[in-house]
Ligand code: S3P
């Protein structure tokens, strides 16, 4: 089976939705952030602080390539690397979980565990707009998530992929 890659901004629900989707489809699940934390025995914040974002991005590409089947929930910055996008295109379908900035702000609030969210509002906005263009360009399917339950979103993904 081809992989199903979930992409989208921080707080768009990739991990929660990916876990349920994999259960419903009865396929393996992998989360690139969880893989990195486990492999390095370090929190993401600490990797950013001690080794820098470039090192994190390298770990992220390695994590992506370690996943061979099933549902893969990616980190919000997976699209920063052209090679990652090519890899996902070649190995499966890419679903963009599209969430508004307002909804994301409500969900994340002042979440201190995400170094690129832990910034001033102007920077959060800029990153959001820049990333949304990248997600849209890269995606095979776009599924909106605002005001929907996890179950509804999983149904929408299944419908879109298998319609
Ligand atoms: C990041 C998103 C995070 C995590 C890291 C960097 C980003 O994952 O990979 O903090 O660059 O957008 P989530 O999208 O799961 O929050």
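Cβ from N, Cα, C; glycine included.
Binding of ATP is annotated in TrEMBL for 11, 12, 13, 14, 15, 16; the matching candidate from 57, 114, 120 at the same site is 114. Checking the candidates 33, 155, 156 against TrEMBL: the one annotated together with 57, 76, 131 at the substrate site is 33. Between the alpha carbons (Cα) of residue 11 (ATP binding site) and residue 76 (substrate binding site) lies a span of roughly 9 Å. Here the candidates are the binding-site residues 12, 14, 15. The one whose C-alpha lies nearest to that of residue 131 (substrate binding site) is 12.
The binding-site residues near residue 16 (ATP binding site), taking a 10 angstroms Cα-Cα threshold over the set 33, 57, 76, amount to none.
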